[in-house]
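Everything below concerns the one structure shown next.
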Amino acid sequence: MNLNLFKIQSHFNQNNLKRNPNQIPNQNLQENQNENTNFLIQEQAQEPEILEEISEEEILEENQSNFFNQNKEKQNLIKTFKINILNFNFNFSFFLFGLFNNVLYVIILSAALDLVPSNIPTGIILLADITPSFLVKIGWPYFIEGPTRYSKRVIGCSTLSFLGIMVIVIFSSVPIRLFGISLASFSSGLGEMTFLQLSTHYPQQQGVSWFASGTGAAGIIGAGLWWLLRHLGVQLGLGISSLMPICLSLAYFFLLPQPDQLLSSLGDGSSYTILPESDQSSRLTRLPSMIAKSDLTFMKKLDLTKPLLLPYILPLFAVYFAEYTINTGIAPTLLYPIPRPDSHPVFSHAFKSIKDYYPFWQLTYQTFVFISRSSMAIFRLPPLPKALIPLPSIIQVFLFLIILLESSSQILVKLFSSNWIYTILFILISLEGICGGTAYVGAYYWLGQEEGQKEFQIACVGFADTLGILVASLFSSWLEPKLCGIQVSHGQLLCRQVE
């Protein structure tokens with residue numbers, strides 16, 4: 001149409017110039033425009049109606065195409081949203097498993113000085129809090145056969161933890177309280193092994209890292225919670241804490257997605273397969289048992305364990321022996337005069353009495369355990385290289401020796417003066433937590449990458465850290481009173497003043 005209009009304009013302009021060569025073009029501008037307009041109207045009237053029909057069809061097709069593309073984009077967004085929700089539920093579920101499975105264990109250790117009289121070493125609490133867990137981890141993977149029924153295990157863990165904490169709340173007798181602690185310990189050990197095994201049946205590798213992050217959070221939340229609740233007394237403080245095991249079952253049954261849901265979100269490229277349920281008649285089998293019937297004999301299991309001795313078992317044993325000896329055998333004796341606000345404006349708020357030292361050291365340690373155990377899940381840091389897994393245990397032993405010398409001879413006070421001792425110990429105990437958490441998450445991450453019987457391998461190594469804690473508790477039962485006696489012989493009587 002524009003081309004025709006241009007031709008018409010040129011034709012009229014040429015004719016006008018021929019008729020009136022002396023006429024100025026501007027004088028005929030209005031006439032030309034009127035003539036062009038009239039001609040354009042006539043030209044439009046003669047346009048075929050088929051052009052309008054084709055234009056409408058093209059517009060309709062374009063609208064349909066846009067509508068289809070928009071629907072496809074919406075479907076992709078919805079699919080991506082659902083996948084993100086599944087991944088979030090999966091990650092958060094394993095985080096909660098680690099949190100609620102370990103939180104009572106940490107609370108009991110943090111409340112050690114409040115659960116037993118001052119003449120009983122806190123290592124006794126650790127002994128009762130770790131022995132049943134060790135028996136589970138050393139016996140269950142090697143001697144218990146048959147399919148794993150995860151739902152029943154989770155129910156059992158929640159029930160035992162609740163009963164154990166209620167026994168501690170109701171009874172004040174030390175032997176009965178130790179029995180309640182043992183129930184909670186058995187539950188914690190079985191739960192940790194169960195959830196680590198469960199992670200091997202999911203088509204993702206984040207299960208272990210998020211579980212480790214949850215156990216780290218259990219440390220800081222448990223120690224911090226007891227820091228707040230201890231003033232309410234043992235009965236009320238632990239009574240409030242007894243509600244946490246119930247959340248373990250809620251997270252398992254109502255939040256954790258089924259493995260086939262995550263498998264379908266990954267497409268057909270995954271090598272994971274979902275095995276049939278073991279108990280179809282029970283509501284407890286909302287999730288499949290997800291374990292193949294293995295023909296592994298006891299000797300075959302030992303053969304699978306031998307290659308894991310140097311890279312995983314020994315480093316985990318060493319790092320946990322050193323750090324739990326510090327926590328239960330040395331930390332209760334790290335006592336100093338209450339700092340004054342004018343010279344220590346920060347630590348004077350943390351230490352109001354002699355009994356505040358031990359919970360504060362526990363809170364510091366647990367805070368940095370959480371940070372290091374969350375290095376992969378939350379902070380997205382790469383795992384510790386497999387060849388460097390022994391490094392945290394070496395550093396931990398070095399920290400153990402330094403803190404031991406400080407408790408027995410106050411070597412740090414002599415080197416840096418008493419004004420710096422709070423800051424130095426804070427740094428050392430922070431490093432202790434970092435080493436312990438890094439060793440844990442690094443070892444179990446690389447175990448999940450091993451080829452072969454992943455479910456058995458990740459369970460059979462669990463006794464290493466627990467054995468380190470058990471040996472540390474036995475050693476601490478002797479070490480703590482020994483260090484207190486050394487301090488008294490040097491004229492330092494603060495360890496005798498802790499009630």
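From the backbone N, Cα and C atoms, a Cβ is placed for every residue, glycine too.
Quick look at what TrEMBL lists:
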TRANSMEM  88-108  transmembrane segment
TRANSMEM  120-142  transmembrane segment
TRANSMEM  154-172  transmembrane segment
TRANSMEM  208-229  transmembrane segment
TRANSMEM  235-255  transmembrane segment
TRANSMEM  309-338  transmembrane segment
TRANSMEM  358-375  transmembrane segment
TRANSMEM  387-405  transmembrane segment
TRANSMEM  420-446  transmembrane segment
TRANSMEM  458-479  transmembrane segment
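Remote same-chain residues near the transmembrane segment (358-375) are listed as 106, 109-110, 112-113, 122, 212-213, 215-217, 219-220, 222-224, 226-227, 230, 323, 327, 331-332, 334, 350-351, 381, 425-426, 429-438, 440-441, 498 (criterion: CB distance under 8 Å, separation of at least six residues from the stretch ends). The stretches the transmembrane segment (88-108) and the transmembrane segment (309-338) do not meet in space: the count of Cβ pairs below 8 angstroms, excluding pairs fewer than 6 apart in sequence, stays at fewer than three. By the Cβ criterion (distance under 8 Å, sequence gap of 6 or more), the transmembrane segment (235-255) is counted as touching the transmembrane segment (154-172), at least 3 such pairs being found.
The transmembrane segment (120-142) shares the most Cβ pairs under 8 Å with 458-479, out of the stretches 208-229, 309-338, 387-405, 458-479.
Counting Cβ pairs under 8 Å to the transmembrane segment (208-229), the top-ranked stretch among 154-172, 309-338, 387-405, 420-446, 458-479 is 420-446. Taking Cβ pairs closer than 8 Å, the transmembrane segment (309-338) reaches residues 109, 112-113, 122-123, 125-126, 348, 351-354, 357-358, 361-362, 365, 386, 389-390, 392-394, 396-397, 399-400, 403-404, 406-407, 418, 421-422, 425, 429, 432-433, 435-436, 439-440, 443, 446-447, 461, 464-469, 471-473, 475-477, 479-480, 483-484, 487, 492, 494-495, 498 in its own chain, all 6 or more past its ends. Same-chain neighbours of the transmembrane segment (387-405): 311-312, 314-316, 318-319, 322-323, 325-326, 330-331, 334, 411-412, 425, 428-429, 431-432, 434-436, 438-439, 442-443, 446, counting only residues six or more beyond its ends whose CB sits under 8 Å from a CB of the stretch.
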